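Asker: Got a structure for you, written out below as structure tokens; questions coming shortly.
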Amino acid sequence: IKCTLSKDCYSPCKKETGCPRAKCINRNCKCYGCS
């Protein structure tokens, strides 16, 4: 998932992985906080 800001990742991460938390690192979303 491409991103510029960490908040760009929140919806896609939740939608695709169910993970509630996300960070944008090197223009790529890192999803975490998954159960």
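Cβ atoms here come from the backbone N, Cα and C positions, even for glycine.
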Asker: According to Swiss-Prot, which residue among Cys9, Cys13, Cys24 is joined to Cys31 by a disulfide bond?
Answerer: Cys13
Asker: What residue among Cys3, Cys34 is stated in Swiss-Prot to be the disulfide partner of Cys24?
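Answerer: Out of the candidates Cys3, Cys34, the one Swiss-Prot links to Cys24 is Cys3.
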Asker: Taking Swiss-Prot as the reference, Cys9 is linked by a disulphide to which residue in Cys29, Cys34?
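Answerer: Candidates were Cys29, Cys34; Swiss-Prot matches Cys9 with Cys29.
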Asker: What count of other C-beta atoms do you get within 10 angstroms of the C-beta of Cys3 (disulfide bond), across all chains shown?
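Answerer: So the Cβ neighbour count for Cys3 (disulfide bond) comes to 20.
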Asker: How many other Cβ atoms are found within 10 Å of the Cβ atom of Cys29 (disulfide bond), counting all protein chains shown?
Answerer: 20
Asker: Could you tell me which of these disulfide-bonded residues, Cys9, Cys24, has the fewest other Cβ atoms within 10 Å of its Cβ?
Answerer: Cys24
Asker: In whole Å, how far does the CA atom of Cys19 (disulfide bond) lie from that of Tyr32 (site 'Aromatic residue of the functional dyad')?
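Answerer: Answer for this pair: 6 Å between alpha carbons.
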